Amino acid sequence: MTSAELLLPEPAAVRQPLAKARSGHHAKTHHLQLVGSEAEQPKGLEAIFSQFDHSVCLHPGRRGGRFQLPEGGCVVVPEGAFGRPTDALEVAAVQPAELAGFCPDLAELESVVSPVYVLATSRGRLPCQLLLTLPLLKRPEPPLSRLRLMHRAEAKDGEVDISEGDSGEWRELPVAQPSAEDDTFVTVEVETTGVYLALLSPVKEPVRVTPEGGIMRLQLDPLASLRVPKNAFTEPGRIDFSIIPFSPDRMSLVRKLHRSETLDIASLSPMYSLDYDGPPCRRGLTVKLPLPDWMCGAERREILDRLAIMSRQRPETAWAALDAKKASVRLTRKSISFECRQPARFCLLEAASPQWLPRAALGFPRCAEMNAAEPGELLLFAAFERRRWALGARLAPISEGDQQPQQPRFDIDATSAGVEWRRLEKNQPRQSEVQEVMRQLRRRRRERDTSAAAAAAEAALEEARNRRVEVELRDGATVTLQMSGDFRLRHLGESRAREEVCVQFHRRFADRMALFEIVPTARTATITSDFYDYLLELAADSGEALDNDEKLVDLAGRETLTFKGVITVLSGSGEQLSNHEFTIGFRDLKAYLDLKPPPAPEEPSDGEAAVAATQTTQNAKPAEQRPAWYRYYPRLLDLRIYRLKPEEAKQESLQRLTAPRRTARSPIHGRESRALSRASLQHLAGRLSGSEAADLAGQLGLPDSAISVLSFESAPLRYPPAAASIPYRLLLYWKRARAADGADAQVESLGDALDGLGRRRLAGLLRRCHAEGRELTAERLAGAEDKQRED
């Protein structure tokens, strides 16, 4: 661990000049730059943390313009959209560590192909339409895949949680295709704030089936069709047809990892999926599919000898090969048709040789499984500097090789090259567990037990030896990190520590590290501080220097502190995958908490020193009368009663016990009204617009200087909470400034101000809630506004 001091720039030395440039459409583009000397730039973990903060605060003003966003996007604000200089547009690019809360549930073979942007404004809503441009990380391949622009509005109170996201519903925006000029970007008209991202989804063609039956031609492939006999379906339904190709990279990987199972598979056609959730069919269906290239020009007998039609009705069922005779396979020059009992997913398999066709059919499920999800492993790295600790997590595919990197990769400058990262390896199983499994296995082998229990014991032994549980890496797969022990994890930019965080895998962001901050618990900080005080008292008794850590630790002898953190990795289904541990000593915790000895006391004057010496001589006990363990815990026993004589201590204790009880003083300002609590003010501020907030401040008599400062105050811009709105800050400032007037006067003053704005229903509701001792809730405010509209 390194103890190098972090060099942070002074706030006054960091400037953000506004540089204007012209784009191809003659629109203004504004770029924010950090200007500072090399010595003022953050280094080490601070530089890495700054690289992960991808958020900007834009002040378009009345002129508007075109603004560049993190991760390559941009936003166009029309002229006159934001009227006041204080109006701000806040845009943040969600980092990989936070995608678990800002991404919808992904379907099979669906992936995120653009940065995830979160838009928020200081006014609570957008004044007009904006143009948001999203860069595409992968282009769609029509007609098999298409783009979908997804949007989720923020919560009603404006809060967006960093880790849990928002509970709103996702909806698809109508514009979902890239522009004709450049297909690497897609532009969408933004009307509300919230989360925006682009998904790449496989195209599903809906096919309507009825009891009358018929032949359904499929548009995704002209040679594909479905023949439904009459009365095959008891009621009308829908079948979703899609084509799922095999990825060449995945197939080469599965042949490398499972060579013995896939050796006999010569080639595979795309998977043709017929998804149906209705009641089962009463009669067989006829499916017609295009003929693969390896079948064209071959003899019928040769094709049937090496052909296997693999089918699977539902995701929870296993793959099986159709019987060629029962399926009535028919070949034409360009197509192949066969019969099946139910709609299912089909794939045409070619074996390397007719005699190895059954083995090839047994190895096909491995190929289908690998095409949907790639096996991977969670890599954990930890870095410990003097005042910052970090944990990096990354879901790495197995295709990178068995030799995993010992250092994480970050796209940062050279200032962070000195960070020492340590790989957190998995905890190996206990030797006693392996020995116990070995003992049971030997006993069963001696008894020649071939039952299922013996097979289970052998499987348990193999698992105990390997202890390598792979993670299925599909887009949207989530892994939970649970931190226990003396430390907790915290998202970057948050102040609240958590016991567990989520890491979500996305193929387009697979090379990025999810970064979290490691913080000690309150109990750990208290124990460390108390132990340091104990060392300082030992040093004071022995006359050693207080600023020498080596001497302080030597004084404690064998007494030392070591804290441990345990990270438990859980899969999305709750299965425990692995355990990781790390330990931190007292010296590193002392440097992290910045514990220093107290300053030396000022030297007293000659008269004060003489008086103190006389009192100490009269009241102090002789050293031989003190207990033998007194010198180890002087701070705990340094009480005034021990400096008195026995008769004086007894008399003073008796006086304290027989003294009359004091009467409690009445509070100065009285009890706070529930109608003016923080929650009530937040709900009330949410019902006021920006112009009404300025008028309300004038009605309340707030000075212009306070209004200006509160309007220009920089709020948390990354994921702004409701408490950061300007109306709430004005109400909170007024409440604190008028605290001496009492609750009744405050409620009356705020009610009169709301009457002056024409919000008489809100004023009456405020006075009524104050009289009844209730808070202003969102439901009560909504009811008051409805009555206001009716009037």
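Along the chain as shown, residues are numbered 1 onward.
Using the three backbone atoms N, Cα and C, a Cβ is placed for every residue, glycine included.
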As TrEMBL has it, region 'Disordered' corresponds, among 21-45, 421-445, 596-620, to residues 596-620
Which range of 195-222, 447-474, 503-530, 531-558 is coiled coil in TrEMBL? It is 447-474
Range annotated region 'Disordered' in TrEMBL (choices 568-588, 652-672) is 652-672
Across the coiled coil (447-474), the model's average pLDDT, rounded to a whole number, is 60
